[in-house]
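According to TrEMBL, the protein has these features:
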type	residues	note
DOMAIN	12-46	domain 'F-box'
DOMAIN	76-361	domain 'KIB1-4 beta-propeller'
Amino acid sequence: MAQLQQDLLVDWSELHHDLLVLIARRLNLIEDYLSFGSVCKSWHVVVVATKCSFNSDLPRVPWLMLAEEEEDCRKFFSLYNSMILKKRIPKATGKRCMESMGWLITVGEDDREISLLHPFSGVEIELPHQIDYHDYPWMRTSIRKAVLSASPSHTSDYLLMVIDVKFLRFWRSGDLRWTNINWEEGAHFPYSDIVYFKGHFYALDFTGRIVVCDVTGPEPNKRHVVAQLPFYLGQIRGQTYILESLGSLFVVVRNGCQLRLPKDDFDRIPLTFIHQVENEEYLTYGTLEFIVYRVDLAAGQGTQTRELGDRAFFLGASASLSVQASQFPVIKPNHIYFTDDFLESYIFYEEGGGLDMGVFNLADGSIQPHYEGFSLSRFCPPIWVTPTLS
């Protein structure tokens with residue numbers, strides 16, 4: 001019997017190389033692929049050899065890039081299997097990071113440097129330095145959102161559009177400077193989010209106005225109003241987002257993330273509030289609800305909805321994203337996964353942002369955590385990053 005058990009034991013590290021290659025090429029989830037490579041040295045060799053053929057076009061669910069804890073390194077948390085991957089990314093050290101299509105947009109504090117950085121391959125694309133319209137030094141950087149038209153991993157013909165406080169500007173691959181999007185004098189409200197949709201950039205401001213920028217057309221620095229949603233600046237107590245899902249545009253209102261007086265002791269947060277004036281009352285913040293609108297561009301308006309179908313939204317400082325929930329274990333349909341991105345609130349706490357994260361159930365309004373740990377930063381709280389190998 002002992003001999004039989006001994007005969008049944010398998011040394012998995014000695015599996016034939018060609019068989020391991022066949023197994024690796026059948027893996028679709030990047031978490032499974034990376035776990036496969038961590039089994040032993042011979043399996044890791046197979047992952048290195050097949051990395052270029054790993055299907056990068058498959059849909060991915062974002063990872064949570066945690067706040068910087070040690071110099072040169074960042075940690076990534078997978079919702080799928082709670083795996084935490086530690087990755088050395090020295091070029092992101094001390095930088096504010098945003099994300100689009102798996103690429104980090106890193107912004108330096110001192111010299112206004114801005115770069116595209118792939119966190120897993122280490123490839124960096126340095127961009128022209130920003131034009132400094134920065135009137136708020138406490139914000140560290142004026143760039144609020146950055147969205148790519150296509151992935152630099154797949155093409156050299158791409159653009160990057162950013163929100164720089166109240167301006168829209170874009171950079172085309174190969175350009176020596178940024179191009180500003182013009183806006184009319186008079187009433188103008190800051191933009192909150194942008195999305196690349198059907199060949200155009202669409203931007204949303206805090207009044208619910210949506211503008212389109214045809215940056216490849218004859219007048220690339222002009223924008224045109226295409227829709228007005230039924231909410232106004234005084235009604236918004238937080239952040240607003242715009243994204244594509246199911247072939248349509250959606251706008252999401254997030255209430256509660258602006259500083260406010262606590263309703264009771266349970267509404268307080270365990271952070272150290274930085275008092276700006278003597279005897280200033282303790283303030284708090286934290287998401288209370290999300291309101292979703294489906295945009296009808298033809299009619300120039302939006303309709304409120306509580307049904308996302310088999311989709312889940314990922315919102316925060318990264319490019320707003322919709323994923324098909326049924327393709328990924330543990331991702332819940334009709335839910336909104338969000339991170340702490342309202343700089344005007346978390347900057348007033350010594351520990352910074354990172355507490356206001358969770359998963360919002362659009363059907364019943366409940367909020368549950370998606371990461372049980374603490375990850376706080378004043379310059380770069382956790383953000384969503386879509387994992388790609390190159």
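Using the three backbone atoms N, Cα and C, a Cβ is placed for every residue, glycine included.
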Which numbers of helix, strand and coil residues does DSSP report for the domain 'F-box' (12-46)?
-> 25 helix, 0 strand, 10 coil
For the domain 'F-box' (12-46), what is the mean per-residue pLDDT, to the nearest integer?
-> 77
